[in-house]
Amino acid sequence: MPIKTDQLMAHLATINRFSTNEVGQNRLVYTSNWIKGQRQLIAWGHQAGMRATVDAYGTVYLDIAGSQAPDKIIATGSHMDTVVHGGPYDGLYGVLGGFQAICELIQVLGRPKKTLRLISFSEEEGSRFPATFSGSKHYCRVEDVAGIQDHAGIDFNKARQAAVAKLKEANVHTGLPSVPTTFTELHIEQGPRLINAHRQIGLVTSIVGQRRFTITVNGLSNHAGTTPMADRHDAFQIAVTLISRLRQLAASISRQLTFTVGEVHVWPNTSNVIPGKVTFSIDTRHVDAAVLNRFEVGIRNKAVDFSIPPISVTVNRWVADKPVQLDASLLQRNENLAAKLGLSYQKLASGAGHDSEIMSRVTPTTMIFVPSIGGISHAPQEKTSPSDLHNGVDLLRESLKQQAY
Ligand code: GLV
Ligand code: MN
Ligand code: MN
Ligand code: MN
């Protein structure tokens, strides 16, 4: 069954044009470019004869109903949103690669016995609002979002309702579809292991747990020229020392514990005023929840140690996602199929977060990775060769075929 790689590449290019004028891909959840992406997908789904449903979070479901067991749902997909200045494949490859795989199956084999479902989750990255996986958490009835804003002060639920109203103009069904029988997510690896090992496919065994925090350091703003060095309560200098101690602490707990401070805000952020307030993010990940617990206790203790009046340091945790094991029998199926297709593969754990970790709480779930050139992701340079993109779709299609026909 030959794959129409050109169609996949053309679809990727079309949606990747829905971005801001800034560098990289910028399709943050509920923005106008995100709306255009989901609407384009709905239009393609309609052309392919699929039933399109949109839920209250703006996740799009494209179904081709099974002829014999329509209630058994074999699902695939990933997320439509990107990080700020992201790459062309994170999330989108799983959406459009899944769409490609399903289209080929229905073109060549006709209607499946079980329902095939393509899912384009609304949001996975946590890049606009302080919440991650809000689309899959809503679909899986795990958790809903309330009372959070983006940096412009726009309320999540207001942005959500406005964007979903735009999607509903596209002649779609609405509601929250049932949880599928299985879920497979196709994704770029986003790291260097497959490319370094010259493997075409990664079969994902587990996904790390992650926690994210916002740390606020309150000091005292004052004149940069007149305030003696010994009399300062410079929130930025304290934040720098604190970050350096936390990095050392993370390394002492486990060499595999990741520690990233990716977002910093300084007030008033001007050259001749001692900073009175700083907030910074911490993103930390590990395969073992006990390690994350230990580090969280360490973060909270350090915040207390650094809170010497008039300085105060507060810790707000806004993500606590557990490490998960993915389904062993779906992985075994994909291992057999990869061997049959003559694709080189290896099993690996994912250091990135994915909607699959939420899906795995409610249904057997597996992931297929393809190599990332240079191991780069969450950056404009993110790249995968067309032949590797093609291989991932081939494997996904064969797995969906075995399960649904
Ligand atoms: C999501 O892409 C994450 O791992 O941060
Ligand atoms: Mn092929
Ligand atoms: Mn992703
Ligand atoms: Mn990502």
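Note: Cβ is positioned from N, Cα and C throughout, glycine not excepted.
Cross-referencing His173, His187, His198, His223 with the Zn(2+) 1 binding residues that TrEMBL gives (His79, Asp90) picks out His187. When TrEMBL records Asp90, Glu125 as binding Zn(2+) 2, the matching candidate from His354, His378 it lists for that site is His378. Of the residues Arg199, Arg212, Arg361, TrEMBL puts just one in the allantoate site with Asn272, Arg285: Arg212. Note on proximity: among His187, Arg212, Asn272, Arg285, the binding-site residues of the record, the Cα nearest His378 (Zn(2+) 2 binding site) is that of His187. Taking His79, Asp90, Glu125, His187 as the binding-site residues under consideration, the smallest Cα distance to Arg285 (allantoate binding site) is found for Glu125. In this view, Arg285 (allantoate binding site) is surrounded by 23 other Cβ atoms within 10 Å of its Cβ, with every protein chain counted. Checking each of the binding-site residues Glu125, Arg212, Asn272 against His187 (Zn(2+) 1 binding site) by C-alpha distance, the shortest gap belongs to Glu125.
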